[in-house]
Amino acid sequence: MASPGSGFWSFGSEDGSGDPENSGTARAWCQVAQKFTGGIGNKLCALLYGDAEKPAESGGSQPPRTTSRKATCACNQKPCNCPKAEVNYAFLHATDLLPACDGERPTLAFLQDVMDILLQYVVKSFDRSTKVIDFHYPNELLQEYNWELADQPQNLEEILMHCQTTLKYAIKTGHPRYFNQLSTGLDMVGLAADWLTSTANTNMFTYEIAPVFVLLEYVTLKKMREIIGWPGGSGDGIFSPGGAISNMYAMLIARFKMFPEVKEKGMAAVPRLIAFTSEHSHFSLKKGAAALGIGTDSVILIKCDERGKMIPSDLERRILEAKQKGFVPFLVSATAGTTVYGAFDPLLAVADICKKYKIWMHVDAAWGGGLLMSRKHKWKLSGVERANSVTWNPHKMMGVPLQCSALLVREEGLMQSCNQMHASYLFQQDKHYDLSYDTGDKALQCGRHVDVFKLWLMWRAKGTTGFEAHIDKCLELAEYLYNIIKNREGYEMVFDGKPQHTNVCFWYVPPSLRVLDNNEERMSRLSKVAPVIKARMMESGTTMVSYQPLGDKVNFFRMVISNPAATHQDIDFLIEEIERLGQDL
């Protein structure tokens, strides 16, 4: 006999599940009962299940149960079909939602309750009295809840509980006191755009399935190229899954530009290629070289000065060394806003060297690209207009929700030639519209998420001036922090001088270490301070800031600010909290 749910009236089974006491039978009858309107279905379900028979998640402790949606409605229709009518999620499953027959009412109610959960989380994210994180160790979370996937479906009441539980233990990255990563903040327009994008649920490979999004990508990338300084916004570009992939795109295109035959014949057809980047650059350059078969040994790290900027004379020296060995320099990746120090390489000097030796110049402005929106700070990227390609991540300094990373290329058509494969089932050549808007073939991906809409909608809502105010405020907050701690007892700066970006790097020195000479023992003990304070931050949930060693410098705090919700008071709180958590070390 068919199992419950396999047919409209099929509820029994060979194993005795036709017994009215059996929960599987009750669920099957309940699905039929939900076809009735006016609350009758829910009442029948309640009789079938009984309070003791409601499905419950097995294993582990349970979060508080969500209350069933029991709203009143004034439509005066009998029976009532509007979303405000009573819906009891304990007796509903995903199969009762659209596209199920009569699934509109439970669908609207369910999504409204999900929205309520999300909106409560949004409000809490900006509430300074709430924790940034409710930290639990991995084994605690694994033991406390049953996260395993089951063969049988759970009801919608439990699904809502999973939503609540997930957010309960999520990091509030929009919290004004979350300073841990380069991507922070929670923009309301960007959030709304992301919801819309998920609702549209389309792919970016052709105009026919994403007409508006493809046009918005064209408009937005052109505007970004104009801001970089390429005449008329000429060139090409694409949104990618992140800065690491954007940097790999640049490496891929630079290699193709110099040796187009590599596309068909592979690395065996080309000489030993060498890329150059600073010792403070992002690790993604080496990852890209590994993925493309170039090899990490073929990425030469150029020395930096004490502020983390590439030294041009060392770049030229290493280029000449590579050429003397018979290798072929094909790419220099300069960084505009390094991950740790927030340093900006001297782009004009790097551009001169690249021009002299005919090498592709890439600028990794994933972190620093946002400063191009500020008239006060864009000078730090002087020379970016001479680059052949630029990585720019609006999901970092501009506060666009993750993910939103762009790779901009100065030469139009090069990306298409490098990556296109002419898949005839997608990119037919006899379509009835302009095929230049079928942009998917220039991407490495086939399935590509719509990342542009949140940036475009935020830009429309804020204007360029709004982004400028955002950038200027964050840099002012970084300067405020620097001015407070540079001469404050118990703090030592990692490098001298005002930071160029919002990165403020410092050591907190507890009272017990302040009396020690600056020797190996002191450095060894100091290296343990930041990790302990960070652990205490997370366990208390009050704030979060990152730390790391770099070169010969032991663990230090790296404070970054990209959330415009932060204030001077939040900076003051951070300083006081570090001192409170570290004074006994």
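Quick reminder: no glycine exception, Cβ is built from N, Cα and C everywhere.
As annotated by Swiss-Prot, substrate binding site applies to GLN181, LEU182, SER183, ARG558. Counted within 10 Å of its Cβ, the other Cβ atoms near ARG558 (substrate binding site) come to 23, all protein chains included. ARG558 (substrate binding site) falls within a strand segment according to DSSP.
The S-palmitoyl cysteine annotation in Swiss-Prot covers CYS30 (among others).
According to Swiss-Prot, the feature S-palmitoyl cysteine maps to CYS45 (among others), an assignment based on similarity to another entry.
Swiss-Prot lists SER3 (among others) with the feature phosphoserine.
Positions annotated as phosphoserine by Swiss-Prot: SER6 (among others).
Annotation source Swiss-Prot lists phosphoserine at SER10 (among others).
Residues or ranges marked as phosphoserine in Swiss-Prot: SER13 (among others).
The secondary structure of LYS396 (N6-(pyridoxal phosphate)lysine), as reduced to three states from DSSP, is coil rather than helix or strand. According to Swiss-Prot, the feature N6-(pyridoxal phosphate)lysine maps to LYS396.
Annotation comment: Swiss-Prot describes 1-24 as region 'Disordered'.
There are 22 other Cβ atoms within 10 Å of the Cβ belonging to LEU182 (substrate binding site).
Around SER183 (substrate binding site), the same-chain residues six or more apart in sequence whose CB sits under 8 Å from its CB are THR173, ASN393, HIS395, LYS396, LEU402, SER562, listed in sequence order. Excluding the listed site residues GLN181, LEU182, SER183, ARG558, the same chain places ASN180, THR184, THR339, LYS396, SER546, VAL560, SER562 with Cβ atoms within 8 Å of the centre of the substrate site Cβ atoms. With all protein chains in the displayed structure included, the most crowded Cβ environment within 10 Å among the recorded positions GLN181, LYS396 is that of LYS396.
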